Structures are given as structure tokens and as C-alpha cells.
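Quick notes on the structure that follows.
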Amino acid sequence: LRLTFHDAIAISPALEAEGKFGGGGADGSIMIFSKTETAFHPNIGLDEVVESFRPFQERSGMGVADFIQFSGAVGTSNCPGAPVLNVSIGRTDATRPAPDGLVPEPFHDVDTILARFADAGEFDELETVWFLIAHSVAAQNDIDPTVSHAPFDSTPEIMDGQFFIETQLRGEGFIGKAGIEGVAKSPVRGEFRLQSDELLARDNRTA
Ligand code: HEM
């Protein structure tokens, strides 16, 4: 699911308007040009995901761009509580890597995050928050490796609204190392809170 997002968000009409290449969005570039794109800072950890997917993609007969979105939809639909997602097929695979700098980082402020979603797909504040339902079935591994697999809510195996409820709670402490960029104090033992989720839950445009 994270891979679907990091492939798809890498598109920028704003860059194109400046005469630069803005990326192709959900074009499979993160997997086709994985050496380049998984080295981008926000894509940390996705190299392993890409390589574990590759044999399945090669045998699937599907294009890379479609395979990423299809497998993300299947994986998400398999989560208890999730709807069965429809997938549209027929994307064109990338012929060049996306530029760096288009994937949101956990240390970005709300203005930066909202501007990025607005540029990528004309998504508004509400749609940006809707996307974050993904963090209901998510964990961190690489932001603080001392607590890898730390989930973002107390029910990471269930696609539910618990992530949104718990992100509203006051943070009490760091479950791993203190002072890591992009990490906020979390309210529940064993739970990890990204600073971006903390800020979005407290801004009057997105709370
Ligand atoms: C403001 C936007 C977002 C930021 C800053 C952000 C950042 C992050 C970070 C830092 C991690 C932890 C990575 C690691 O250490 O392994 C993560 C995990 C994850 N994110 Fe996001 N994310 C955002 C939005 C999204 C969206 C829109 C989706 C999908 C639609 C998504 C899906 C996931 C998933 C599924 C994981 C868990 C991956 C795993 O368990 O290995 N995120 N996100």
C-alpha cells in the first residue's frame, strides 16, 4: 500500500509548468528505476518491497505500473475492515525515473503536505486526510530502527478509524529514541507517531 502511494504521488504539474519533468505518477517508475528512486530519502525501506514483488510482477504478465496498484488493492482488500477495492488497469509504464522531492516526508509541515497533494492530484484537505486511512494498517521500520514494526495505531491488522482517534490523543513519550526528525511523542505504549500525522491531527484545516 505504501508502494502504491510513493509511485503515484510522484507527479507534479507545477514542475511541468516550470518546464521541468514532473514525474509520471502511477507509472511503475519506483520499480522500473528502483536503483534511482528507492535511494530517495522518503522511499527508505521500499527497496526490499520492490525486490520481493519483482518475481511476481515478472510472472504476472501485467505492466509494472498496473501490478503495483493491483497488488496494493488486493493487499488492502485482504485487511479485515477494508472494502473490496476496484482497480482500473491500462497504465503506461515509465520510461524515466520520477524526480526526487515529490514524496511527503514525516518532518514536513501541514502547508507543505497540503500543497503537495493539491499539486499532485488537486486533492483538497479532506481528501488528504482520507488518504491517511492507510496509516490504520501501517507500521514504521526505518524512521527509528530501534523500534521497527512499531504500528501507527493499536489495531494495525484492522482497517478502521482507530488511527484517527489515537492520533488525537496527547503524546506522552517516545517509544524509541528521542529527537529523531519527523517523530512525535505517542500516547500509547508500543505505538509510533509521525510528526506529520501529529500536525495534521491538530491543524484546523485537517483535524
Ligand atoms: C503526509 C503524507 C504521508 C507521510 C509523511 C507518510 C510517511 C510515512 C512514514 C515515514 C512511514 C514509515 C516508513 C518506515 O519507516 O518503514 C509510513 C508508513 C506507511 N505509509 Fe505513509 N505517509 C504518508 C501518507 C501515506 C499514504 C497516503 C499512504 C497510502 C495511501 C501511506 C501508506 C503507508 C503504509 C501502508 C505504511 C506502512 C508500511 C509498512 O508497514 O511497512 N502513507 N508513512
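Yeah, the Cβs are placed from backbone N, Cα and C, and that goes for glycine too.
Keep in mind that this is a model prediction, so the values were computed, not measured.
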Matching residue for the Ca(2+) 1 site, where TrEMBL names G25, D27, S29 - out of D7, D47: D7
Residues flanking the Ca(2+) 2 site, with Cβ no more than 8 Å from the Cβ centroid of S136, D153, T155, D160 and excluding those residues themselves: G81, V137, S154, P156, I158, M159, G161, Q162, F163, E166
Residue pair D153 (Ca(2+) 2 binding site), H6 (active site, proton acceptor) - Cα distance, angstrom, rounded: 21
Among G25, S136, T155, D160, which are recorded as binding-site residues, the nearest neighbour of R2 (site 'Transition state stabilizer') by Cα: S136
Inter-residue Cα distance where the pair is G25 (Ca(2+) 1 binding site) and H6 (active site, proton acceptor), in Å: 9
